Amino acid sequence: MEKPPSIEETPSSEPMEEEEDDDLELFGGYDSFRSYNSSVGSESSSYLEESSEAENEDREAGELPTSPLHLLSPGTPRSLDGSGSEPAVCEMCGIVGTREAFFSKTKRFCSVSCSRSYSSNSKKASILARLQGKPPTKKAKVLHKAAWSAKIGAFLHSQGTGQLADGTPTGQDALVLGFDWGKFLKDHSYKAAPVSCFKHVPLYDQWEDVMKGMKVEVLNSDAVLPSRVYWIASVIQTAGYRVLLRYEGFENDASHDFWCNLGTVDVHPIGWCAINSKILVPPRTIHAKFTDWKGYLMKRLVGSRTLPVDFHIKMVESMKYPFRQGMRLEVVDKSQVSRTRMAVVDTVIGGRLRLLYEDGDSDDDFWCHMWSPLIHPVGWSRRVGHGIKMSERRSDMAHHPTFRKIYCDAVPYLFKKVRAVYTEGGWFEEGMKLEAIDPLNLGNICVATVCKVLLDGYLMVCVDGGPSTDGSDWFCYHASSHAIFPATFCQKNDIELTPPKGYEAQTFNWENYLEKTKSKAAPSRLFNMDCPNHGFKVGMKLEAVDLMEPRLICVATVKRVVHRLLSIHFDGWDSEYDQWVDCESPDIYPVGWCELTGYQLQPPVAAEPATPLKAKEATKKKKKQFGKKRKRIPPTKTRPLRQGSKKPLLEDDPQGARKISSEPVRGDIIAVRVKEEHLDVPSPNKASSPELPVSVENIKQETDD
């Protein structure tokens, strides 16, 4: 039996040049990662390499789909509903689409550029194989075809730096203006919701492996050496993706504790430094505290736990999303929620999609998560009977932002599937009454009516007493949605019900209302009222989308828990802007998610100096599509306005006035407060946290010069 290489050995197949690269770039393709896995006795690298070669051969023979189709469930049909078109995957860029929309007779590529790039790379691979004396294969493999050649560090740190077209900073630009979650949590003794509560975020089903007392190797920031050195730290506290760490040797001294996001590449399992020839150096502050650091670490590490060896690999795997720029879909029309519009995916960040309406302007966009019930595949509206705004033919489409971005339609199985419904034994009928979350004011649960029954279990619901009489405020809910409830739900759960116009909340009675309107309530058995053990508790902190301005993600608190329904309060804002969301909503995220994905996080609102603004300028502010403008709570601290502020929101009159006159008196000055913007899906199978491989040979004693 062949002896596995020890941590000091370097496999002979690896060229020496590999060691001269930046060792902090943990994953630089499977070749550079082979020595890491083999050194710890893991066969995952060789398995990945062998399986990758086997998959390539099978793909060439037409037996396996390209990687994006691995996201499909085993029972996924091979044809699209209603159209009969088969799904296809571009062999160059990996984009998923339909065969009829793909290029060439073979339908192997999504565009001419991909076809040419594939051909060029195939020739290079064939020439390289001949130079190396390898036998020719039936089809030369494409060089650098997949995104796996990207470094894991670059992937986690900079998923597109700079700004989006709407001015939203991303990547490193977002992190520079980031909100300090650690200080905020520690100063106020807040508790963050665990990552395991959010089923749509990376590694949600493996976060139980991250526990208090766990040991990791992190960058030593308290050292004066020319090269980057590391030291071992213990997890003192967990808060979402962030952990509070303490260097070994400080023991009970918390003065040098620091927060870190476990998604960064400077946090590693124990043994990583020994494998990668990195030096362990104690912090300069305590370097003289012990004379035998090796013995001290041996005692501290024995029996402890650390991160799984493949932690960062699985993190990257779980942050790959099937939606790509250029995919077309149907999304709710934000100007008229009773219909949908055609849109094109412009940006994908952490599973969140920035959509551009096809017939809109360059800033006519809409943000949502890829699991949002607001988006659907092309043809969905026609199939279920939902209204859709037909795109107008524009003569200047060459200058439209979606021009040259439309590659293919997003296939149906990329969208979150809804629960199957059975209409036998009675179903929803037009005119039935129920309670529903108001889509235009998400903090209210209102008396509502089923206005129309669509196909596939979808319903058009309207709020009783709404301002619209033409049906423009109808909203589409699926029968299994957790945003609709049977009559008396609010009464049974002590939630304030918003009655129709002309009724008082204190005196509203369902029996009298049904009798007066000569209607009947929808049977309770038709509603989806199951409640999982979600783990959310009152007071937990998280990051939540402001659904009235869905491009913004804000610091928020779980204000109330009613079964699976959560009342989300945005820190610093008045309670009238609270929102009801489901515990499995894709619009809530754990602490540190924005930092992990490079998305901008809105901090709690603080007082800012009033900015004089001419009345006529104030009236030009873009009107919000949904809901009311936010009224600010008088804060105790002040903070200067940061450069990242965009789209200021007008503050309401603190005495209760909600509207600003469109024709202000000459000479009046309107004070404007600006809402600050600060930058800061299923996962692989769960792996148990391994015992520590105690290896502390490379410990260097640092001395003061």
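Positions of Cβ are set from backbone N, Cα and C atoms, glycine also.
For the ranges 81-116, 117-152, 261-296, 477-512, the feature annotated in Swiss-Prot as zinc finger maps to 81-116. Per-site Cβ counts within 10 Å over the binding-site residues Cys90, Cys114 peak at Cys90. Using a 10 Å Cβ-Cβ cutoff, Cys110 (Zn(2+) binding site) registers 25 neighbours.
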